[in-house]
């Protein structure tokens with residue numbers, strides 16, 4: 001790459017540098033010319049004259065070293081032009097023999113390593129010798145004295161002629177400032193006048209070097225007069241060309257004067273584009289695009305407008321860009337939607353495990369599609385925690401229905417124009433992302449995945465969620481209007497699938513979508529997903545062969561329990577990938593194994609080179625990061641096992657109560673939220689209202705305080721579903737009857753002792769099963785939710801729906817406190833015990849809901 005001054009800053013300001021005043025006239029050279037031995041700075045594409053101040057950019061190593069040597073001495077340097085600007089490493093033969101002695105006025109090192117230097121030409125120098133010395137060019141030469149063989153009157157006449165011509169040149173050349181003439185008026189010396197004018201005329205570099213080499217002032221002035229006169233002739237020729245073009249234009253076309261001038265120049269060069277051919281091509285594309293009649297009319301009107309414009313005008317570029325976008329819309333192109341339900345079902349099952357509700361909805365749509373010719377695409381919203389496969393499910397749906405897939409991330413979008421586009425009046429306007437993606441995919445009926453639709457926001461530029469109201473309304477999206485296209489676009493055949501982590505979506509927008517909830521995966525589902533999909537995927541991704549590694553189901557189960565705490569499977573996949581990477585390293589360090597030493601399993605199949613199981617899992621993943629809750633081993637007074645759920649699943653939650661001397665206060669600890677505190681107050685009121693029936697002293701609060709504590713105090717907790725657990729704990733403390741350790745419970749309590757419904761039942765039952773609980777008491781109103789509980793959970797747990805707190809106490813305490821009454825529901829299904837044990841702790845900092 002060519003360096004400047006190694007090159008100059010171009011333009012008039014390079015020679016008139018207002019920040020640095022030009023020094024006064026220097027005294028005449030001495031009678032004996034000085035013999036110079038100075039660093040040499042080779043120049044490319046520039047000739048520096050005496051009395052000229054110019055900034056230069058220096059980037060070559062030798063040139064920068066020459067400047068360093070000059071700055072270390074008296075700041076003088078020889079500026080010599082190269083014969084060829086393409087020479088990167090010039091030697092003596094590559095330089096002219098006449099240069100300029102210059103003084104360095106200012107030097108600045110730039111961030112990119114180059115140097116910007118301001119120099120002033122002092123005098124002409126004949127360079128006799130150039131050698132390389134200390135990494136720089138060093139030159140020996142002699143200052144050249146100007147000669148004047150002509151009469152002073154003749155020289156003065158030539159100088160006046162030159163000044164007159166240059167004034168004419170400056171007036172017709174807009175690139176030169178008028179202030180330059182004022183500077184020249186103050187110069188009396190003819191030689192200096194010539195050296196000041198020479199850099200400002202647009203002649204070849206060779207002519208400027210020739211001016212530098214001429215020592216006779218009169219001869220130099222005469223050559224300069226000829227060069228300036230020639231430049232004036234060129235300017236007059238340009239003016240005649242402009243006049244000829246202008247005379248050929250009609251009055252209505254005068255506003256396109258500059259564009260017509262460019263056309264005339266192109267015509268002279270024979271380089272005019274085939275504009276009529278392009279217009280015919282656009283007309284053909286419009287006819288073949290299959291546009292609706294109103295759209296085709298709009299396109300033809302824009303094309304006619306384009307024909308009347310100059311091809312080089314800015315407006316023509318806007319119209320041409322608009323037609324390109326309009327023609328890019330797939331007006332009639334579509335893919336054939338697959339109607340084979342069996343193939344679609346197999347495709348969905350091959351990519352995702354579980355998610356039966358979503359798959360059922362897609363198959364229903366395909367079944368109806370096979371009977372109805374014109375059917376609007378469904379608008380689904382998949383709501384679930386991160387990592388459960390919402391986005392990848394959208395890809396599988398597109399694959400199953402044979403639609404093209406388009407993903408549009410809505411996270412962080414604040415501008416309505418991202419959806420509807422910008423109007424064409426704005427510079428750089430574009431269609432919205434819907435139209436852009438339709439053009440990109442080239443299909444009228446793709447699957448649009450609107451990812452993270454709950455992450456949109458609004459600002460002064462508009463509300464993008466409001467713009468989506470028309471897009472996601474099946475009754476309106478057949479005439480969607482983009483601000484840029486300004487024509488109706490039919491989106492009714494597009495299948496929209498939105499994803500969201502929560503229902504924090506504006507109500508009108510949520511109402512237009514069919515919400516399908518995707519809950520977190522159970523432990524069994526995670527195990528199946530890992531063994532079927534994640535392990536084979538990571539084995540392949542890390543360059544392993546199936547016979548080189550075997551990850552057992554017990555290892556996957558331990559990863560789920562002790563190394564991840566999530567609703568989805570993203571971290572599970574990361575841990576599997578970590579194991580695969582360590583196995584790859586282990587195999588690489590061990591080196592190739594001899595064929596004779598390869599073990600063979602009992603069934604004759606080759607045994608895996610590395611086997612990962614629960615016993616050696618810590619070798620690959622380190623110490624366990626999490627523990628899961630487990631049932632207490634012994635029945636205790638005042639300690640009851642409740643159930644809670646978080647964003648990453650269910651948890652066992654202990655509730656402890658005790659009596660301490662006091663004045664009847666209720667003490668609550670364990671980072672309880674407002675709802676949970678109110679639930680504790682309600683529980684105490686229930687106990688006091690039933691005190692006599694339960695055999696409790698009605699005045700038990702006269703000299704005692706009741707302290708209720710929920711362990712794991714660093715974790716905030718809130719919710720009403722620990723109400724019956726608090727009642728049971730208080731009754732146990734007051735009656736001294738232990739609570740069964742194998743019973744867990746969840747339910748809200750009312751002042752009348754009724755057990756109300758709760759949420760998160762599935763997650764809570766999974767936590768109970770995992771923690772070794774045998775019996776779970778749930779509100780009777782949640783009986784309907786048992787249909788969504790996995791079969792293995794309902795089979796291995798004894799789930800008892802209850803309506804009143806009396807039933808809870810009869811089942812949870814070691815011995816009943818109240819006689820059994822007919823009419824109370826006592827449904828107790830027998831079930832085998834489970835042997836799943838662990839430790840009860842929540843993830844630190846996780847807010848627990850009850």
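Using the three backbone atoms N, Cα and C, a Cβ is placed for every residue, glycine included.
The feature ATP binding site is assigned by Swiss-Prot to 384, 385, 386, 387, 388, 389, 390, 391. The annotation compositional bias 'Basic residues' is assigned in Swiss-Prot to 821-840. Residues annotated as compositional bias 'Polar residues' in Swiss-Prot: 841-850. The domain 'Lon N-terminal' feature in Swiss-Prot is assigned to 38-232. Among the features that Swiss-Prot reports, domain 'Lon proteolytic' is placed at 634-815. Look at Swiss-Prot and you will find 819-850 tagged as region 'Disordered'.
Overlay of Swiss-Prot annotations on the structure.
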residue	record	Cβ contacts under 8 Å, 6 or more apart
384	ATP binding site	390, 501, 517, 518, 519, 520, 567
386	ATP binding site	501, 566, 567, 568, 570
387	ATP binding site	566, 567, 568, 569, 570, 571
388	ATP binding site	518, 519, 520, 521, 567, 568, 569
389	ATP binding site	352, 355, 518, 568, 569
391	ATP binding site	407, 449, 451, 499
Residues close to ATP site centre defined by 384, 385, 386, 387, 388, 389, 390, 391, Cβ within 8 Å: 382, 499, 501, 518, 567, 568
Site of maximum Cβ density within 10 Å, from binding-site residues 385, 390: 390
Reduced DSSP assignment, residue 387 (ATP binding site): coil
Mean of pLDDT values spanning the domain 'Lon proteolytic' (634-815): 90
